Every structure is written in structure tokens, then in C-alpha cells.
Ligand code: FAD
Ligand code: NA7
């Protein structure tokens with residue numbers, strides 16, 4: 001229909017032959033580019049469903065030369081080492097508390113960075129190995145090469161030695177994640193490190209300047225200070241952009257009370273050996289500068305323009321529809337590179353698994369990106385699910401909302417003599433149906449507490465149901481009769 005010219009062209013380019021032969025004309029049913037949280041979940045699920053699958057994973061070394069094994073950001077330079085270092089800092093606090101609980105010890109207590117880092121890196125090594133094993137067991141072909149589209153349905157894989165091999169597939173999933181951004185000022189790549197380097201740093205960083213004020217910056221600043229280091233955070237504007245600002249300020253003030261310094265409304269303009277000049281041109285001399293100023297999507301050097309996959313030119317993110325499909329129908333995308341979605345490991349995993357089941361199984365359900373819980377592992381942990389107060393007001397309007405809050409003192413902190421009137425929980429409800437649209441908690445084990453609330457919110461938790469729920473005593477998650485959430489009114493001073 002419509003003339004034969006395009007048919008001749010399709011014949012000449014080989015497309016027609018492939019169309020007639022069906023998917024069997026390709027080397028693989030599915031090639032996944034990126035073996036991180038999302039990519040591995042998707043590849044393994046597709047293989048379990050009987051498909052021939054390949055995963056390409058390649059780590060370009062950081063400007064400081066750091067690289068790592070299979071598993072992506074979370075396992076190697078994200079959630080896992082970060083939470084373990086947070087735990088190391090919490091143990092330091094527990095040691096202090098322990099004396100109040102009767103523990104007596106004479107030895108001088110000090111922290112050994114090298115011992116911690118080696119133990120964490122060994123654990124990561126075992127996880128890398130586990131992933132390789134798991135791929136082998138499921139017959140997923142793993143290729144440690146950099147993938148780049150060269151033409152429709154065809155990818156070039158370049159290994160460490162520069163050897164190139166091409167592979168074809170019926171479908172592709174892009175799961176290439178993000179890498180830390182640099183400032184683009186003199187000396188930044190030479191003298192600064194990022195989270196990509198911190199967790200395997202072979203020496204104790206000493207006096208540290210953290211540039212940036214989002215969760216990666218505050219978490220790193222928090223555990224470094226918890227390990228006894230002199231830490232300053234350079235903040236351009238606000239803390240924890242995107243999170244509830246009342247909670248963000250409380251996170252910051254707890255850190256400040258516990259030894260972290262904040263340089264507000266500053267940006268660095270130049271870094272020279274050991275020194276950093278900021279926007280007011282005074283000199284700061286830390287032993288280490290850690291940049292945590294955001295992350296760039298790895299989408300600009302993978303040949304997307306060759307096959308016509310659209311990206312947001314400004315952010316580098318890939319827009320997809322509700323089934324994670326890009327504008328090129330056989331190419332899908334998941335994880336941190338998605339436009340407008342949450343950058344979290346469980347989100348990438350869920351999206352990857354469901355995508356494979358929709359493509360190759362009989363499942364139809366889509367990934368639900370609403371009410372995804374998360375936790376910021378700062379010294380005072382902050383867990384949340386649903387909307388921040390600012391976002392709730394934007395979406396539902398202030399007059400349609402009711403906000404309840406409570407301060408609490410964890411039992412474990414009482415005998416230890418730790419801060420009273422610091423741990424805090426807040427819920428934001430729709431005035432008309434009483435449904436919770438936001439849950440926020442600051443306190444120990446905030447992640448564990450928030451997970452349960454997230455399940456309840458998925459079931460449509462209301463304030464009434466929360467009041468009717470009997471708590472587990474004594475915990476931070478309970479909603480006790482004497483500590484029930486109070487309505488936040490304009491006369492409340494929090
Ligand atoms: P990634 O896990 O980043 O995987 C992408 C992989 O693709 C990488 O291995 C990369 O090297 C590879 N790759 C890139 N380009 C190519 C190519 N062309 N060819 C072959 N391979 C390629 N999330 C949480 O849920 N909880 C946390 O506590 C948490 N903490 C974090 C702490 C830090 C410091 C950071 C940086 C992130 C944290 N995250 C956390 C976020 C989480 O790590 C990411 O959301 C998650 O890893 C995203 O998974 P992904 O599959 O999209 O990409
Ligand atoms: P984010 O969430 O993108 O935040 C970046 C932070 O760095 C934020 O506080 C910015 O301040 C600050 N920033 C950005 N550029 C600069 C410059 N030039 N100078 C000083 N400060 C700057 O980044 P994260 O690394 O914390 O996290 C990104 C993702 O990685 C996250 O979603 C996780 O999935 C893991 P601002 O508020 O813009 O003034």
C-alpha cells in the first residue's frame with residue numbers, strides 16, 4: 001500500500017527480511033543496557049519467562065579512577081555502602097549511650113576508616129559475585145562492555161580492551177542510571193571526589209567539605225561527622241529540595257547541634273590543591289572536598305540519536321509512557337534515567353520486573369509510582385511517604401487539608417540522656433475523606449517505621465483508622481493515647 005519505494009528500501013536495509021522472519025532473526029529477544037538495580041531485575045525476570053536475554057554492564061571509571069563490579073549504583077556506590085557507613089556512625093553513638101546503661105570499658109575508643117572500608121568493600125564484592133552467579137543460573141548472557149546503539153535493533157558493545165562486537169535484539173531496555181555531576185569550575189575534577197569515590201577511599205578523609213544539600217550530601221556529611229570528622233556542608237539554597245521543608249530544617253538543625261557546620265548561601269567558584277574558594281572569595285582549607293551536587297543521566301553517549309529515541313535535551317532524562325515505552329516502540333527505559341519518576345532502587349526493580357512480565361508474560365499491571373516511601377539516612381533519620389506539606393498544598397489546596405503532628409522521645413533515648421523534643425512525626429490528611437496524603441517521621445529506625453505506614457497508605461489509610469490502630473509499645477511507630485497526633489493549627493509552635 002502506498003507505493004513500493006519504502007518496501008524496496010526495507011528490503012535493501014534488511015528490515016523486510018527480519019520482519020518476515022519475526023523475532024527469531026535477532027541474536028536476542030531482549031538486550032538490557034545497564035546491569036544495575038533496574039536492569040538486572042528486568043533481565044532476570046525476562047529470562048525466567050523463557051526469553052533469550054543479554055545484559056551489558058560497563059562502569060566508566062570516575063575522574064579519580066574509581067570503578068566497581070556488577071550491580072550498579074545501589075550496590076557499589078549508593079544505598080549499600082552508604083547505609084553501612086551510617087551504621088558505623090550509629091554504633092559510635094551507641095557506644096556513648098552504652099555507658100549510661102552500665103557498660104564500663106577503659107580502652108580509648110577510636111574509629112579505623114581502613115577497617116570499615118575494607119569490610120564494606122568485601123561485602124560489596126560478595127554481592128557482585130552473587131549477581132554474576134544469579135545471571136549465570138538464569139542463563140542471562142552477561143557482557144562487561146559499554147553499549148551504544150548503531151542502528152535499529154543493533155548495538156555495539158565495546159570492552160575494556162577496546163574490542164567491539166555487535167549484537168541484535170527484538171527489544172531493548174535502557175537502564176543506564178546516572179553518574180555524579182561536577183561543578184565545571186577550575187580544579188573540581190582534579191581535587192574533588194564524589195560519592196563514586198568516597199565509599200572505597202583508601203584513607204580517612206579528615207576535615208571534609210561537602211558541597212550540595214540534597215540527601216546524598218547530608219547523608220555523607222552525617223556519617224562522616226558521626227565517625228568523628230570535622231565536617232562542613234556548603235549549601236547553595238535550601239536543604240533537601242523536594243522534601244518537606246519543615247522536616248528538612250529539623251534534619252539540618254539536629255546535624256548542626258551534633259557538630260556538622262553549615263555554610264549557607266555559598267557556592268564554590270574555584271578549587272586549588274587543598275583549598276576551595278567560595279562565592280564570597282574567602283578561602284576554606286579542608287583535607288577533602290566531596291561534591292554531591294546532583295547526578296547526570298547516562299543517556300547522551302549511547303547512540304540514542306541513531307535510532308531516534310527522544311530525550312529531554314536539558315535534563316538528559318528519557319520520557320516514557322505508562323508502560324515505560326520510549327517514542328521508539330521496541331525500546332523501553334527504566335530506573336533513574338526516567339523523566340519525572342523517583343530515583344530509588346526499589347522503584348527501578350519494580351519497574352524492571354513488571355516491564356519484563358508485561359513484555360513476555362501475561363501480566364498487565366503497570367508500575368505504581370504513587371505513595372512510594374523513602375528514608376533519608378541522616379544522623380536523625382527521616383522517613384516519608386506521599387506528599388510533602390508544600391506539595392500537598394499545591395495539589396489539594398491548604399483549606400482542604402488537615403495537618404497533625406507529634407513530638408516524641410524514644411524510650412532508648414531517655415536513659416541515654418539524648419535530645420528530648422527532637423523526634424517528630426507529621427501526617428497530612430485530606431479534610432473531607434480523612435485519607436492520609438503525606439506521612440513524615442524523624443527518629444531512630446525511620447525507614448522501618450515508614451515501610452509499614454506505606455503499606456497502610458496504599459490501602460487508603462485514614463486518620464480515623466490510624467487512631468483506631470493499637471500501637472506496639474514501646475516503639476517509635478506506635479500512636480499512643482497520650483501521644484496521639486495533634487492537629488497542627490496556626491497557633492501551634494513546632
Ligand atoms: P544504576 O543502578 O545506576 O545502574 C546503571 C548501570 O548501567 C551501571 O552499572 C552503569 O555503569 C551501567 N551503564 C551505564 N551506561 C552504560 C552503557 N552504555 N553500557 C553498559 N553499561 C552502562 N536508592 C534507594 O532506594 N535507597 C537509598 O538509600 C539510596 N541511596 C543512595 C545513595 C547514593 C550515594 C546514591 C548515589 C544513590 C542512592 N540511591 C538510593 C539511588 C539508587 O542507587 C538508584 O536509584 C538506583 O541504583 C537506580 O538504578 P538504575 O538501574 O536506574 O541504575
Ligand atoms: P540532587 O537531588 O539533584 O540535589 C543537588 C544538590 O546540590 C542540591 O542541594 C543543589 O542545590 C546542590 N547544587 C547543585 N548545583 C550546585 C552548585 N553548582 N553549587 C552548589 N550546590 C549545588 O542531587 P543528589 O546528588 O543529592 O541526588 C541525586 C539523585 O542521586 C537522587 O535522586 C538519588 O536517586 C541519588 P539547590 O537546591 O539546587 O540550590
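Backbone N, Cα and C atoms are what each Cβ position is placed from, and that goes for glycine too.
Per TrEMBL, these features apply:
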DOMAIN    28-352  domain 'FAD/NAD(P)-binding'
DISULFID  74-79  disulfide bond
BINDING   83, 147, 336  FAD binding site
BINDING   212, 213, 214, 215, 216, 217, 218, 219, 294  NAD(+) binding site
DOMAIN    372-482  domain 'Pyridine nucleotide-disulphide oxidoreductase dimerisation'
ACT_SITE  473  active site, proton acceptor
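Remark: secondary structure over the domain 'Pyridine nucleotide-disulphide oxidoreductase dimerisation' (372-482) totals 38 helix, 33 strand, 40 coil, with classes taken from DSSP. Note on the domain 'Pyridine nucleotide-disulphide oxidoreductase dimerisation' (372-482): mean pLDDT across this stretch is 94. Comparing Cβ neighbour counts within 10 Å across the recorded positions 74, 79, 216, 218, the minimum falls on 79. Just so you know, of the binding-site residues 212, 294, the Cβ with the fewest other Cβ atoms around it within 10 Å is the one at 294. When other Cβ atoms within 10 Å of the Cβ of residue 147 (FAD binding site) are tallied across all protein chains shown, the result is 25. Within the set of recorded positions 74, 79, 214, 218, 74, 79 have a CB atom less than 6 Å from some atom of ligand 1. Within the set of recorded positions 74, 147, 212, 294, 473, 212, 294 have a CB atom less than 6 Å from some atom of ligand 2.
Taking the centroid of the Cβ atoms of 212, 213, 214, 215, 216, 217, 218, 219, 294 as the NAD(+) site, the other same-chain residues with Cβ within 8 Å of it are 210, 220, 240, 292. In space, 74 is the closest of the recorded positions 74, 79, 216, 473 to residue 336 (FAD binding site), judged by Cα positions.
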